[in-house]
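Read through the structure below, which is laid out as structure tokens, and then see the notes.
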Amino acid sequence: MPLGARVAATASTARAVRKGKHRERYSDQPEEEATLLGDHDEDGEFPDDEAEHPGRPEPERKRSTSSRASKEKSRSIPFRPPDKLRLRFPPNIVRNQKYNAFTFLPIVFYEQFKFFFNLYFLLVALSQFVPALKIGFIATYIAPLAFVLFVTMGKEAYDDYKRHQRDREANSARYLILEPPPTGETDDGPHTRSVPSSALRVGDLVVLEKNQRVPADCVLLRTSDAAGTCFIRTDQLDGETDWKLRVAVPACQKLASDRELLELDAEIYGESFFDIHTFIGTFTINSPNSASANDNVLWSNTVLAAGSAVAFIIYTGSETRAVMNTSHPETKVGLLDLEINRLAKILCAVTFALSFVLVALNGFRGQWYIYIFRFLILFSSIIPISLRVNLDMGKTVYAHHIMTDSEIPDTIVRTSTLPEELGRIEYLLSDKTGTLTQNEMEMKKLHMGTVSYGFDSMDEVAHQLAMAFAHLGGSTATGVQLATRGRRDMSSRVHDVVLSLALCHNVTPVVNDDGSVTYQASSPDEVAIVKWTSSVGLTLTFRDRTRIELQTPAGTTIAFEVLELFPFTSESKRMGIVVRDLQSGEITFLQKGADVVMARLVQRNDWLEEECANMAREGLRTLVAARRRLSDQAYAHFKEEHHQASIKLEGRNEAMAAVVAAFLERDLELLGLTGVEDKLQDEVKSTIELLRNAGIKIWMLTGDKIETATCIAISTKLVARNQYIHQVAKLKTSDEVRDQLEFLQNKLDCCLVIDGESLQLCLNLFKNEFIEIATKLSAVVACRCSPTQKADVARLIRKHTKKRVCCIGDGGNDVSMIQAADVGVGIVGKEGKQASLAADFSVTQFSFLTKLLLWHGRNSYRRSAKLAQFVIHRGLIISVMQAVFSAIFYFAPIALYQGWLMVGYATVYTMAPVFSLVLDRDVSEDLALLYPELYKELVKGRVLSYKTFFQWLMISVYQGAAIMIMSLVLFENEFLNIVSISFTALILNELIMVALEITTWHIYMVVSEIVTLAIYVLSMAFLPEYFDLSFVLSVRFAWKVAVIVAISAIPLYIIKLIRSRVAPAASSKLL
């Protein structure tokens, strides 16, 4: 039965149905429903029409824990439901906006003022409205804060407006719904009405055309295909790019026209789960029920890939699976911003202490509490508001550098507040399909025991196949005539293996509008194998639920009847099919599957295990093909036993599997082994190696099977050569989990491969222990992960390690993980743009991560750290001068520099040179990528730490005191001159300090230094209240300023010189 929803249909009387009471049904595998993930690969199976047996006894309803929890969400919807019932359910509106008109200002203000930094400035700005506390221009305090807020609000409003536009586009897409014709009209055609997606309600019958997005969760009633099948693309839901088969409810597909749907007296019952792989429900018409399972439903956000269909809407808006599996984004804040916020608190404490000490030294005279506040405002430049402005502008510059980098074209920075985070990444969580791989499969090897065919010798296979068909004269007796001669001819063996591969699959050929044929299946491996059989001469031309037709190398068509189909599941790891050759009448059971399960089902051989290991080392995905011939009597016996097992009420699935194992799956004739390659993205191996050398631990989280994920982990070099791979799957008890954790604890150098179910159990029972051990492992691969599980893992690593986590993915199923990370990177891929739109950074391929992290991330972090500390130094030095000045002048809270000097100091006099630090770099791009170990250094956060912060604090105290004391020592008769001498010395000192900080000069740096100096010199002429021109132009002024600057700057230059010789930076050793 399909997709984790193994539901047996039941019968009920017409009377009971009319009353709508007893919707009896059961699920014989409750634990299967409750798992986070069902089985992806069962989509091709069709529900047994067991509802056709009204005489079957009625079972009691059973519910899993999962279904009990969702009881309130389960519902019964009759056809043509009354409006009162429809209004109980949410409207079908897509809404991804963060704000609305009422919440915008409160939320944005809260997000800004929860930072101590901004709150401090708000209080300082408000204090200027109190006359007793007023110092200087009000504008000098309010303008910078208003500017920062205005920029932030503008950016948030623009981002939200873009989200609103995307939502409006989705909500206004038009759909046709079926309606009864107006009374009095008798035409046969059903009436349709076009409505926007947002107007669709539960119970509407919606008509879907090819390539149309499914607007809500629907039950499929009819399709344009006579067999009642259609294909959907689910890449935005589960990240898999292959098409999935869906089947219409048989009772509706049998109707003569769509119009008859409007006259049905029927209802649909559905239970609600979060899981996108599970649906349990019944379709009830005034006759026995039929079961609705996961292959009868179309989830919202999937796309109808072929044909047209009519579907019944059962869940809308916030109750659709796509919305329930998406987490809401949080506002991301960079670690650097948090660190600076912490430093601001220290600086605030310094300000308080300084103010208090100055008032205390004055003996708390007069209105001392007002003096404390005046001092606080005087020293408010210790925490410079310009720091926020500088850092925000710096982030814009980094974003521009990233987007204009010709080596990583089409890279987009969507969250401009996080470029520095790229320099601190310690964990990288990656999706597999479409991120590490191209999701393009190709059959590379066929091994038949005594002979192996590589990719370059496939023409030999085609030749052998053509010979076999010619020899058999068009008859398809599978090598029986040849075998009777006592010798298996090579061409007949090739014929057998190719024929079995061409028949044993779930692939359907779909003819496109232009006449070309596309193969569709739930597994890309199968498509690759069927394409290969076509390339060697045996082409699949037709397939439905009961018949397969193949074209031989000679051009003739051979047909087979499909008698039984046993679809692939993650438990069985194999799929089987029983076919009857319509020419010879011969019945054959064909099976293909993973080597671990097939090895015990096939006849004894000496090569299978070894060859599977060889192929796995090459990174190929292996499948073993085998067969068993059945006589008519043997098949009839099997059929009877299988039917008896299928009507059991208890342990039905186990009974059916036991019958298949007893009659079919034993002593199979081993035909061959296939090796399929999943092509990797460009330069994935070298990227992963570089990132690992940079000290980044890489995890792979995928919705794919364990075997596939292990293959990719090997081929991408995520697992080092000869590294032990520890697979953990199907854990059921706490003891098993404890044993595995103990094993891993003692073997931290291995690679862990774990499935979603076991991962969930580990997290439920031993969350802290598991994360602690897993984060120490060199590589972790988690398979069969749901979107929410991926996000949970990202959050757990962040919470437990307190380290920066980057997530990268390319599909709608990766959105939750990308939003849960510190930094989310989306790849614009085959699976659409959903991941790229939700991410903080959008790239076009995985290998661009190297440049993004090791070059741009490293530079952004280093530059911002340097810029932040320099801006703090700029504020501290002037406050120290103010403190020295006040201390000497009887502790009076009088401003040393007022008005324009204070405005100019933070802007035109120092802004450009200080900001030019965002262009500084310590090593060239080639060296940064050649020595990824340089990145590892940054992760420790030593560029901006309490140590460096206190170093700058001491520098500021020394320089501020030196300038102020020296100015007072060289005091002239007028107070005016001390202002001009000390301020000029201060500006020159800052320009020299910027020059000392620069590692690699840029033309903009030189220009900014010269232009700033010129502006300062010119401004002296326009500010006569601060500068006495006759004194400024004198020689006395020049030598005194020169002495002061020399005393404040030269010692620092000497210290820097000594340090570069004694303890040089790691990067300087490479230059």
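In case you wondered, yes, glycine gets a Cβ from its N, Cα and C as well.
TrEMBL labels come from automatic prediction, so no person has curated them.
Given the structure is predicted, the values throughout are model-derived calculations rather than measurements.
The region 'Disordered' annotation in TrEMBL covers 1-83.
The compositional bias 'Acidic residues' feature in TrEMBL is assigned to 29-51.
The feature compositional bias 'Basic and acidic residues' is assigned by TrEMBL to 52-83.
Per TrEMBL, the feature transmembrane segment maps to 138-158 (among others).
Per TrEMBL, the feature transmembrane segment maps to 343-362 (among others).
Residues of the same chain lying 6 or more positions beyond the ends of the transmembrane segment (368-387) and with a Cβ under 8 Å from any Cβ of it are 117, 120-121, 124, 127-128, 132-133, 135, 141, 144-145, 148, 340, 344, 347-348, 350-352, 354-356, 358-359, 362, 868, 871-872, 874-876, 878-879, 882-883, 886, 893, 895, 902, 906-907, 911. What TrEMBL lists as transmembrane segment is 368-387 (among others).
The active site, 4-aspartylphosphate intermediate annotation in TrEMBL covers Asp431.
What TrEMBL lists as ATP binding site is Asp431, Lys432, Thr433, Glu526, Phe568, Lys592, Arg621, Thr702, Gly703, Asp704, Arg784, Lys790, Asn813, Asp814.
According to TrEMBL, the feature domain 'P-type ATPase C-terminal' maps to 837-1064.
The transmembrane segment feature in TrEMBL is assigned to 871-891 (among others).
Per TrEMBL, transmembrane segment is recorded for 897-919 (among others). Remote same-chain partners of the transmembrane segment (897-919), defined as residues 6 or more beyond its termini with a Cβ less than 8 Å from a stretch Cβ, comprise 135-137, 139-140, 144, 381, 384, 386, 390, 393-394, 397-398, 863-864, 866-867, 870-871, 874, 878, 882, 979, 983, 986-987, 990-991, 994, 997-998, 1002, 1004-1005, 1008-1009, 1011-1012, 1015-1016, 1019, 1023, 1026.
Proximity of distant same-chain residues to the transmembrane segment (949-969), defined by a Cβ-Cβ separation under 8 Å and at least 6 residues beyond the stretch ends, is recorded for 343, 346, 350, 869-870, 872-873, 876-881, 883-885, 888, 978, 981-982, 985-986, 989, 1043-1044, 1047-1049, 1051-1052. Summarising the annotation, TrEMBL assigns transmembrane segment to 949-969 (among others).
The transmembrane segment annotation in TrEMBL covers 975-996 (among others). Tertiary proximity for the transmembrane segment (975-996) is limited to same-chain residues at least six positions away from its ends with a CB under 8 Å from its CB atoms, namely 870, 873-874, 877-878, 881, 896-897, 901, 905, 909-910, 913-914, 916-917, 959, 963-964, 966-968, 1005, 1009, 1012-1013, 1016, 1020, 1026-1028, 1031-1032, 1037, 1040-1041, 1044-1045, 1048-1049, 1052-1053, 1056.
The transmembrane segment annotation in TrEMBL covers 1003-1022 (among others).
Among the features that TrEMBL reports, transmembrane segment is placed at 1037-1055 (among others).
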Quick one: Cα separation, Phe568 (ATP binding site) versus Asp431 (active site, 4-aspartylphosphate intermediate), in Å?
23
Long-range Cβ neighbours of the transmembrane segment (343-362) (under 8 Å; 6 or more residues past either end):
116-117, 120, 368, 371-372, 375-376, 379-380, 382-383, 868, 872, 876, 879, 883, 886-887, 890-891, 893, 949, 953
Take the domain 'P-type ATPase C-terminal' (837-1064) and average the pLDDT across it for me.
89
Within 10 Å of the Cβ of Gly703 (ATP binding site), how many other Cβ atoms can you find? Include all protein chains, please.
27
Cα distance, Asp431 (active site, 4-aspartylphosphate intermediate) to Asn813 (ATP binding site), nearest Å?
10
Quick one: Cα separation, Gly703 (ATP binding site) versus Asp431 (active site, 4-aspartylphosphate intermediate), in Å?
9
For the transmembrane segment (138-158), give me same-chain residues lying six or more residues beyond its boundaries with a C-beta closer than 8 angstroms to one of its C-beta atoms, as numbers and ranges.
98-99, 104, 108, 112, 118, 121-122, 124-125, 128-129, 380, 385-386, 388-389, 392, 416, 902-903, 906
Distal contacts, the transmembrane segment (871-891) - CB-CB under 8 A, six or more residues away:
343, 347, 351, 354, 358-359, 361-362, 375, 378-379, 381-384, 386-387, 390, 897, 905-906, 910, 914, 949, 952-953, 955-957, 959-961, 963-965, 968, 982, 986, 989-990, 993
List the Cα distance (Å, whole number) between Arg784 (ATP binding site) and Asp431 (active site, 4-aspartylphosphate intermediate).
11
